[in-house]
Amino acid sequence: MATTESQVDTERHKSDLYTRPGWVDAYVALEQIEQGKAIGDRGVLWVRVRLQRQVHSLGRFLDAHAGKVLFVALLVITTFCVGLKSSTFHSDIEQLWAEAADDAATATDDSPPPEILSTHQMVVQTAVDPDASLLHPNGLLEHLHLIRKASQVTVTMFDITWRLKDICQSPNIPNFDIHYVEQMFENVMPCSIVTPLDCFWEGSKLLGPDYPVHIPYGIGNEVKWTNLNPQKLVQRIKQKESNFDYHSLEDYFKRAGISSGYQEKPCLNPKDPACPATAPNHNSSHPVDIGAELTNGCYGFAAKYMHWPEDLIVGGAVKNKTGHIRQAKALQTVVQLMGEHELFKYYSETYKVHHIGWNHDKAASVLRAWQKRFSQEVDHLSRSNTTSSHSFNTFSTATLNKGLAEHSQINFVELGAVLIINSFYSWVAHSGLAALCVLILASSTAAGLGVSSLLGLPMNLLSTKVLPYVSVGLSMMDVFLLLTTYNKKLGPPDLLQRVGPSIITSAARQAAVFLAAALIPVPALRVFCLQFAIVTIFHSAATVLVFPTLIALEMRCKRSAVPCFRNESRGVPTNNNLDRDHEANLLTSEYMCNQRRSVIMWIINKYLTVIIFKPMMKVLLCISYLGLVVFCIFNGLKVEYDVRLSSFLPKNTQEYHYLEAQNRYFGFYNFYLVTTELEYPLSQPILHEYHSSLTQVPHVLKDSNGGLNNNDFWLSNFREFLVDLQDEFNKNRNQGCLNSEKWFANATEKAVLAFKLLAQTGIVEFPVDKLQIFNKKLVESGIIDPKAFYNYLSVWSSNDEISYSSSQANLMPKPFQYYSAKNEYDLKIPKSQPLTYTQMPFYLKNLRSTGKIIDTLKKILSISESFNNRGLKNYPIGLIFSYFRQFLFIDRLLAIQLTVSVLSALVITCILVHWSKLVCPMICTLCSMLVLCFVNINGLTGTVGALHFIIVFQSVMLIMLGFQNALGGRERRIRLSVEMYAEIIIKGHLGLLICIAVLATSQFEFIYQMFRILFVSICISTVNSMVFFLIMLSIFGPKGELQGLQYVDRIATPPPKASPPAPVRTSSYTKQSRRSAPTKATREPSLTTITEESCNQSIVVEPQVTVEYSSPESTSSGGQYTTKVTATANIKVELVTPVYRSKCGKHHSQSSSSSRSKHSKRHSQCKCCKNDTDSDSSGESQETGTENSVNS
């Protein structure tokens, strides 16, 4: 008998209540401290007691109203899913990856929104063999053929056929008095195409016109750029038409640099019959030196304003010692198109679109349609030429955004397949209930996204391609934690009391980390992090509210013997008069049953926890861990920036391949410096200084003299125009063609225009003063006359249009138009409105690495800020700034994010663990973060870092909680923690891996990169929590949250809870009526109340327990502290048999006669296989012996 009692006590003392009291019931642990039987973290336990009471009450409510709560929860989830109908989807590259510039908001309402990506159509040619050079006539002729064919495509929209000529940028021509001359030049003026072909005569074949121009007087009937010599054409017209101001036309040609056109450029194919005789290599057998011709760039037909830089048209150039190009890897052509706003303005008052209600949307539709058609034609021509050794890829904003929109839509087949596979895994790994939990997690993800949409957060490709899979995968560990604890046969109240605090704090920690990751100012990633935080809250609510209701319903189904649910409680003996030998055998069987573990736990228990605790293995693992940390830190010192726009595009698109080639071979960018809210007439000196200050930036494109090209600066072009007029005026004055009162017939148009400008006073009340004509200059000491500045601006923008358009100034408000004629004697010139917005174009070259880009942008921003401090309000805009601005201080933002994440995680975790004991998990987590040092810094670093932190810290904290809750030495507490949480961690990580496996098939490079990092994070987390963190705890692990004073590995036996008062017994027996039966059934059950139902029989047991508690007066003998508990139960059994069911009595008699035969079978069953109360419950721990007397 003594042996039996000893075995019972031993097995009970191994239960969770004795070895993990703070996890089972923090109140018991706190009482141990209050009674002086233990010491520990009183504050943490006090907080946990309050939290456990709340979740326990919640569990009771969920258990009592499981069906109602489940119905309401599913209704709420469905309602929030409807919010997805109001979602907006962002698929434009500007909305996803470019930060909206705050400086742009300072511009006036009249200024157009800056476009970070131009509407130009770009084509890049590369060799299939990466070692081959493109400096061969055949390669350039193939380039010519493709561009020529693709540029001839047309689209029909709104009953109008649109050609390239209708939507391209084209140099403006001055107004001419003779209509046919003006019409002739308008027809012959080509689109502006930046191409390496402009170095050769073949470049003229791209300019057209589509229909040859007819020139009267027999001058020419088939005039095209292939045979056009503008200078000779003017001379021939001069011979036939004398009533025309050829001086103005010749002056226009001179200022624009228009000379012989393409007639004096070398031919790629000298044997071409159309190759002009004036070409240097006409009919020559010697091949042209293509590299020498391409060196220093090419010139269009207007050489002064159409200089195409070498770095823009030739990529991957290799030069010899003299600086001439000897090899090139890529060639680029840019077809310059009008922007959406510009196209709308151009046609807004024309007859062509008068019948279609012309607006900005239709202008944008025309541009997108033509660009799409152009890209399709390039792709078709490239694929059809199977013998070509070159590849062509095109790029435009329209096709880029269209491709992003197509690839960003959610793939329901893919999503369904992942959910089915993960549900099957959960079923195999645990149960069908786990598979159902996966589906509920997926639905709560949709509900979270619906709430995000209602809050105004737009959907993007991360919301559809990444978030559903990663969010469900991260919640798998909580699912297995809840259901594995449920395997201990706990109801929802006790279940939530144990795991509820851990799940809630984990969700709060994840949400806080994602909110910290939203500091990174990349729109798509910021929205993703905010959506993830919301979805995490929904997953936590589903885990705490919905899953326990499913467990409660499953328990009811088992008790009610519902088909497909195994009722594990059937066959449990109701006779409490079991002998002590049988009770000892039952506990021993239960203990043996609890030792049955999966293969994973068998490996961990038999090998891992044995190996790592050996001294030699500890030393080797510590040295290895320190070596890895040092190696990661050393590699982190060499981490570079790696931000490529192509990584955010689908791999199978032309735009992706174009950006890859552009980044590899060109590294050429353009940007603008914007000035606003400035007194421009009085600020001319500082504007010139501001423009020239960019010569300090190494990668800014400069001219051959090392300075900036002033032809791109509107104020310089403006000043040069006025200086030229002043020179012409002085020349006509010296020749007596004019005086201070008037001009004569022999005065030139330019001199007359200068005469009118010199008469301007700039005063609205007195606009003209002839007395100052000979007493002032248009430009004095390099400064345009400030008083008449805006009068002069009206003349320059109208009469020097090619210079005005090439400067890309985008002056706002638009200057007035004024055209001068000698026969107009009105000297008044309209005064333009004061400028509020201007631009200066600049070009950057050789920026093939993100580090160079960031350094260059920092220098430009530093210069901009210095002039802002001097009163010149300015800011830079352009693709390179909109996309890379957020990465200028990415290192500081990442440091802030990490700090906020660590602090928030510490604060939230302090609810469960004392802050002083979080040193080991935080050190281990931060060391695991060092693995990110092997990944270059890019836009995903912050988001992926947050996911890595969550994955690692989640598993580490589970081990830490088990280590803190357990009692005993370090090694024992580690074993207990691993025994409880190792299988949960491994199963959770496998579930996460299954969910994110779909990311490996993504066409987006950055999503595939995210998969690789998450895969490494899962591996690091598993090894870290199962090996290195255990080593750290075995050496530096803090004391547990509770340390017993009487026993090392368990708490002292807690006193039993007070029993409820005994019911008042009456002396006479009163038969209960049927009406009173329901009232009796709904009474609050006592400690050991048992209710069984069979047919229509009802058995009600009303125990009355009397407890005597005694202890030895002294323990000087050194024996164990013992407790003797004597319980006497008076059980009253009532049998109610309805008279209308005769089979019940028969059934009762049969069951009574067979009870003795069934009693022998019950001895072989163990408690853990039955639906009894867990062995670690407080009621079970309070009884060591029972005496029962039954009165019926």
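In case you wondered, yes, glycine gets a Cβ from its N, Cα and C as well.
Because TrEMBL annotations are produced automatically, they should be read as predictions rather than curated entries.
In TrEMBL this protein carries:
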TRANSMEM  433-454  transmembrane segment
DOMAIN    433-553  domain 'SSD'
TRANSMEM  466-486  transmembrane segment
TRANSMEM  507-524  transmembrane segment
TRANSMEM  530-553  transmembrane segment
TRANSMEM  893-913  transmembrane segment
TRANSMEM  943-963  transmembrane segment
TRANSMEM  984-1004  transmembrane segment
TRANSMEM  1010-1036  transmembrane segment
COMPBIAS  1053-1063  compositional bias 'Pro residues'
REGION    1053-1093  region 'Disordered'
REGION    1142-1192  region 'Disordered'
COMPBIAS  1156-1165  compositional bias 'Basic residues'
COMPBIAS  1176-1192  compositional bias 'Polar residues'
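A contact between the transmembrane segment (893-913) and the transmembrane segment (530-553) is absent, since fewer than 3 of their C-beta pairs, 6 or more residues apart, lie under 8 Å. Using a cut-off of 8 Å between Cβ atoms, the transmembrane segment (943-963) and the transmembrane segment (433-454) share fewer than three residue pairs, counting only pairs 6 or more apart in sequence.
In the predicted model, residues of the domain 'SSD' (433-553) average a pLDDT of 92.
Annotation: stretch 984-1004 has the most Cβ pairs under 8 Å to the transmembrane segment (466-486), among 433-454, 530-553, 984-1004, 1010-1036. Contact between the transmembrane segment (433-454) and the transmembrane segment (984-1004) is not supported, since fewer than 3 Cβ pairs fall under 8 Å when only residues 6 or more apart in sequence are counted. Cβ atoms under 8 Å from those of the transmembrane segment (984-1004) belong to residues 407, 414, 417-418, 421-422, 425-426, 429-430, 461, 465-466, 469-470, 472-474, 476-481, 484, 600, 647-652, 951, 955, 958-959, 1010-1011, 1014-1015, 1018, 1021-1022, 1025-1026 of the same chain, restricted to positions at least 6 beyond its ends.
Outside the transmembrane segment (530-553), and at least 6 residues removed from its termini, the chain residues within Cβ reach (under 8 Å) are 55, 58-59, 62-63, 66-67, 69-70, 73-74, 77, 80, 433, 436-437, 440-441, 444-445, 447-449, 451-452, 455, 457, 463, 467, 470-472, 474-475, 478-479, 482-483, 486, 491-492, 495-496, 500, 503-504, 506-508, 510-511, 514-515, 518. Remote same-chain partners of the transmembrane segment (507-524), defined as residues 6 or more beyond its termini with a Cβ less than 8 Å from a stretch Cβ, comprise 90, 95-100, 460-462, 474, 478, 530, 532-533, 536-537, 539-540, 543, 886, 890, 893-894, 896-897, 900-901, 904-905, 908-909, 939, 942-943, 945-946, 949-950, 953-954. Counted with DSSP, the domain 'SSD' (433-553) comes out as 104 helix, 1 strand, 16 coil.
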